[in-house]
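The structure appears right after this line, and notes come after that.
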Amino acid sequence: MDRAGNRARSRSRNVPSSTRRDKTKTTPRTGETGPVPRTRLGVWLARPLFDFHVILSVTALLVTVGLTMVLSSSSVESFVTSGSPYARFLPQSMYAAIGAVAFVAIVRIDTRTLRTWAPWLLGMAGVLLVLVLVPGIGVEQMGARSWFVVGGISFQPSEFAKVALVLWCAHLIANYQSAGADVNTALKPLAVVSVTVMALVVLQRDLGTMITIGIILMSMLWFGGFRTRTVATITVAAVSTSVVLGLTAGYRSDRIKAFMNPDLDPQGLNYQTIQAKYALANGGLFGKGLGQSDAKWSYLPQSHNDFIFAVIGEELGFVGAAMLIGLFVVVLLTGMRIAQRSTDPFLRLLAAASTTWIVLQAFINVAYVVGLIPVTGLQLPLISAGGTSMITTMMIFGFIAHAALREPEAVVSLHDGGGRWMQVVFGRPTRPATARAVYRRTTERAADRIGHTRRQGRGDVSRAARTGTR
């Protein structure tokens, strides 16, 4: 009876999922079981490479929108200062092309190589953060000494430090998780490195980067499985420190005063915020039309950078601004789905923290443009003008796409011939060893050893019988 039952169950597993009575399906070659999609939308969402296609499409859309709005918002200022309306657009396009190369390279690179580079990249970032503070090497712009200028091209090392930090934190926590150690023991090295990087950024008087580093650290602690009390305590300490730093520095305290008193000094402290609100109000529901903004005619400072969302609201209206916010919501949902579907702890942490970073930075930018929080200086990812920011943000999207292309079902699909055009550009990741494959190899080796032992035992008995010994 047992053998007959086993044969029946074996035959039932070989029946296609569409003809079985249960409502589950088994993914080919991975052994993962999940619910069968019952709608067309469910079937569409269940495609192996769906997450990668979404991240790739959203990244391309955000870059396209960003370049278009940088051209629109900076054309007047560029023409006045240099005689060409494309003076700021062309360098931004070049940085976008460099970012695209970095995006493809990160997707193609092997995960083990990425983890090997993590400590070295963090060390390099630390050296650059120290060098930028040296007079004569670092250059002060917009009140912050956080720039290198080489051949007329500026580079902000703190942006590179954020990328290196998120990579190293994911690598460190994944090492503890893979070793089966208590992940809370990783808090000490995380705190030491993060506080050191934040201290170097504070010396540069760069509040926006400091906030981003705090977001990276909090997301790593949360998704890494640290104690809730630990995460809450560190969050309260980080917020308190930010408030103290904001009240002690003159330029930061001015921003807080302007936020607390919206009618204070409308031609000075609150001028930028008031002009941003005017631009959003002028846009109405559908906007004044692309390129028709009044704010960019020297009414709104930094209209191509920190406050580019106000120009978007004026030219594309509430509908266009809402659609842009919707793209970041798609990034949030897809990034968290990728993290959930990843089987590698490193990729899971990297995708979750990178997604949190991008989405929170976007919503902080939108919040201070519309007047909900004080101005922080954080840019709108892939939309605001800025070469270093464009490249590093493309790298962060590359981390998310890297994890998406290494979902178990995506890897199986690529090895079975799916996405051939994608493999030309992004390569084909190595097939990870699934739990079922490891179990099968282990049992086969054990069976071979048992069979070899039995055969050896029978041979000993035969020799003993021939020689007449026991």
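Quick reminder: no glycine exception, Cβ is built from N, Cα and C everywhere.
Bear in mind that the values here come from a model prediction, so they are computed numbers and not experimental data.
Per TrEMBL, the feature region 'Disordered' maps to 1-37, 451-470. Annotation source TrEMBL lists compositional bias 'Basic residues' at 1-12. Here TrEMBL flags 49-69, 89-107, 119-138, 207-224, 231-251, 307-334, 346-370, 382-405 as transmembrane segment. The compositional bias 'Basic and acidic residues' feature in TrEMBL is assigned to 451-463.
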- Beyond the flanks of the transmembrane segment (89-107) by at least 6 residues, Cβ under 8 Å: 59, 63, 66-67, 70-71, 74-75, 78, 114, 385-388, 390-391, 393-395, 397-399, 401-402, 405, 425-427
- Under 8 Å, at least 3 Cβ pairs, sequence separation 6 or more: does that hold for the transmembrane segment (207-224) versus the transmembrane segment (346-370)? yes
- With an 8 Å cut-off on Cβ pairs and a sequence gap of 6 or more, do the transmembrane segment (49-69) and the transmembrane segment (307-334) reach 3 or more such pairs? yes
- Query: Residues sitting near the transmembrane segment (119-138): Cβ under 8 Å, six or more positions beyond its termini, same chain?
  - Reply: 145-148, 157-158, 160-161, 163-165, 167-168, 171, 193, 196-197, 200-201, 203-204
